[in-house]
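This report refers to the structure that appears directly beneath it.
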């Protein structure tokens with residue numbers, strides 16, 4: 001069958017601090033508690049794809065250190081194929097995130113060994129990607145890695161998803177290889193889609209950015225999302241759930257979308273499903289997210305249609 005979802009992306013060891021609010025510039029503010037977890041957009045999206053039933057592999061680079069071992073162990077625990085993860089003498093990538101009582105967050109990442117990813121591992125993994133599979137990219141790796149992966153995926157006839165996070169200038173060559181572009185409100189504005197403050201402005205941003213790639217999805221947090229394709233523009237409102245923590249919502253959405261596109265759902269069907277997967281994640285405590293599965297998403301969808 002081959003790999004259904006191949007993620008070429010980052011792996012970070014994360015430290016998450018919870019406090020009543022985020023500190024202002026120059027301020028030291030007491031936190032409530034802290035925790036560690038395995039993250040990186042690549043790792044998060046790969047785990048989400050596997051969680052939603054896709055045969056998933058990741059190409060990444062971790063340090064030859066304790067954090068790298070923890071990251072690899074977590075992939076195995078999450079049923080993600082880690083054969084294409086390289087080990088480097090450069091330290092593993094790290095992230096420090098702060099989350100406030102409202103569930104909002106900010107984070108700083110250190111790329112570390114992620115920048116050492118070589119072309120050989122990317123090409124070896126792409127050679128096992130199913131022709132009906134999906135390649136998932138983000139902007140936490142150098143563009144050269146994304147280009148190598150996208151060229152190889154296109155040659156096999158696979159779909160290419162680019163989650164342009166963090167937002168940065170991207171070459172026209174890369175964009176011509178992308179089938180689906182996914183951005184949040186901030187990234188949409190930074191890429192020239194205009195200010196996104198609600199579903200109407202998200203829809204306008206998706207239409208504007210559609211000059212770059214065939215399909216654009218703009219997520220707008222608690223408002224929902226908009227997507228534009230050759231079939232026109234559509235909006236989906238956010239599911240009404242109790243917000244616990246919004247950290248990781250975008251990665252949950254991307255991974256679930258990739259899984260369902262690889263399993264032959266239509267774009268609209270996969271987007272509805274991924275929207276629900278993100279809602280389940282943000283309404284679940286961080287310590288319990290490892291236990292989530294596709295059943296939780298399917299249960300939410302059933303409840304919302306009753």
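If you go along the chain as it appears here, the first residue is 1 and each next one adds 1.
Cβ coordinates come from backbone N, Cα and C, glycine included.
Taken from TrEMBL, the feature domain 'Carbohydrate kinase PfkB' applies to 4-287.
Annotation comment: TrEMBL describes 12, 13, 14, 40, 41, 42, 43, 44, 140, 251 as substrate binding site. Counting only same-chain residues at least 6 apart in sequence, those with a Cβ under 8 Å from the Cβ of residue 14 (substrate binding site) are 36, 37, 38, 39, 40, 94, 95, 96, 97, 107.
The 10 Å shell around the Cβ of residue 220 (ATP binding site) contains 24 further Cβ atoms across the protein chains shown. Annotation comment: TrEMBL describes 184, 219, 220, 221, 222, 223, 224, 250, 251, 275 as ATP binding site.
What TrEMBL lists as K(+) binding site is 245, 247, 281, 284. A C-beta separation below 8 Å, combined with a sequence spacing of at least six in one chain, links residue 284 (K(+) binding site) to 244, 292, 296.
In the three-state DSSP classification, residue 251 (ATP binding site) falls within a helix. Listed in sequence order, the residues of the same chain lying 6 or more apart from residue 251 (ATP binding site) and placing their CB within less than 8 Å of its CB are 41, 44, 45, 48, 163. Under the heading active site, proton acceptor, TrEMBL lists 251.
Rounded to the nearest whole angstrom, the C-alpha distance between residue 222 (ATP binding site) and residue 245 (K(+) binding site) is 12. Between the CA atoms of residue 140 (substrate binding site) and residue 281 (K(+) binding site) there is a gap of 22 Å, rounded to the nearest whole number. If you take the Cα of residue 12 (substrate binding site) and the Cα of residue 247 (K(+) binding site), they are about 14 angstrom apart, rounded to a whole number.
The Cβ of residue 224 (ATP binding site) lies under 8 Å from the Cβ of 199, 202, 235, 236, 237, 238, 275, each of these being in the same chain and 6 or more residues away along the sequence. Straight-line distance linking the Cα atoms of residue 245 (K(+) binding site) and residue 220 (ATP binding site), rounded to a whole number, equals 15 Å.
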